[in-house]
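As given in Swiss-Prot:
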BINDING   14, 15, 16, 17, 18, 19, 131, 132, 133, 134  GTP binding site
DOMAIN    2-184  domain 'tr-type G'
């Protein structure tokens, strides 16, 4: 066990984490030259296209160090984006050390700081690594100082490397061997194994990636999942090199995969503990918490024939993604669909893109909302993740909205504009620190403001240099109202949203104007209104098309013309009463994108 090293890499998007892991695999001959490709561990197409890591992966490599000994390096790849922070905390729970990889040209980013604190809280050895030192404008000394000032770990003598051209990769491996502590655990104790990740394979069923904390698990043995108590038999186990390599057993300290013919992903929940069925341990590995979705949205198929395929696609996706929540929902405007819960906006975009790309579905997504708490006058508290659950306005004593603590890191030139957008988004400043060239700004912001378009606005005002990390801290009473959209007097449920009362008129006017441009002209007038309760706050009218009914009268008597015009007027009146307005797809999308 003393020659095992379990570590993961903490890095911001684009700081070179996946490239560095490629180099590790090359140096340790994990794959032949022919099998190597860029970003080996990012297995989903969407991961490679967007250049981000979404799912945690693992690789076991044998490295012969300069001291002549061979070490087993278990490297668990982690995502860098704030939406996937639970994936990160799980991966860290399986390690003894973490490499903090920072781009020597860009410096420290907010999400890196957040993940780094998670690692420090879990008592991991954090080792700073400065990557991309081959870039002409790399400033390793300035960045090392930033790491010390912002994160508070000693970065003097931090290992420098360039993963892209392969300089210093062996130095990094030597640093891992020297500084990451060997795992603790007892091979002869009762089995305790943490499930780091599970995914569904069409041939094998559920494949679980586990870190054995204590004991040994062998092929053919029976084990049980602690939270469900269900027992399974091990069909296959082994390690990824990154290819699957079968072994007879996994012992304390090792990281590998287990296949036991489990058909349902919820049979092996991520973060759960496995133990022997006949001689179980009493206590699970700490750190298992159920993931709560933060953002909810309705998803609907454009053609109702696709509904069964959509359900199947969601079930398959949720096999791989334990944090995706869904339940059936019916909307008057959009038909049958599902109410889905996500970790954040990026998570939502990725799920939608995977559904459209991997399962060929055409989807509409309704406006994302967060979970509000409605406190009724009789004291009952209702969690509102869907407007249909909101009680009547008369029955509500107060509505509470979720508040997040946002930590923003920006270069000091942009502080003014960042503070301006935070104030516009109803933020309250908590802290502001100057650290070298960077400024760390902490604000308490309503979550709905953060999930709608805060990240995009932040990126545009800071020219892409701002970075953001946030976590839910509390609920606060807020003056929220439900903004309905009426078209010809009929409510369109898919366009309704919860907004702050101060912004309701402005949001209503903006929404109505946008819909006016998108709803095609009909043979009759179409009234578009935004309303709060019974009060109309904005209105716009799509003018009617008019057929020239007098074209066939050459000259002739005026009363004849009047008769024709009156007849047209009557017809339009009747049409308006019975005619329904088709709202085009773009209208929904444009409202939701805003």
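Positions of Cβ are set from backbone N, Cα and C atoms, glycine also.
Values in this document were obtained by computation on a predicted structure and should not be read as measured data.
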Query raised in the report: Looking at the binding-site residues 18, 131, which sits with the largest number of other Cβ atoms within 10 Å of its Cβ?
Result: 131
Query - Model confidence over the domain 'tr-type G' (2-184), averaged pLDDT - result: 74
Query - Packing count at residue 133 (GTP binding site) (other Cβ atoms within 10 Å of its Cβ) - result: 18
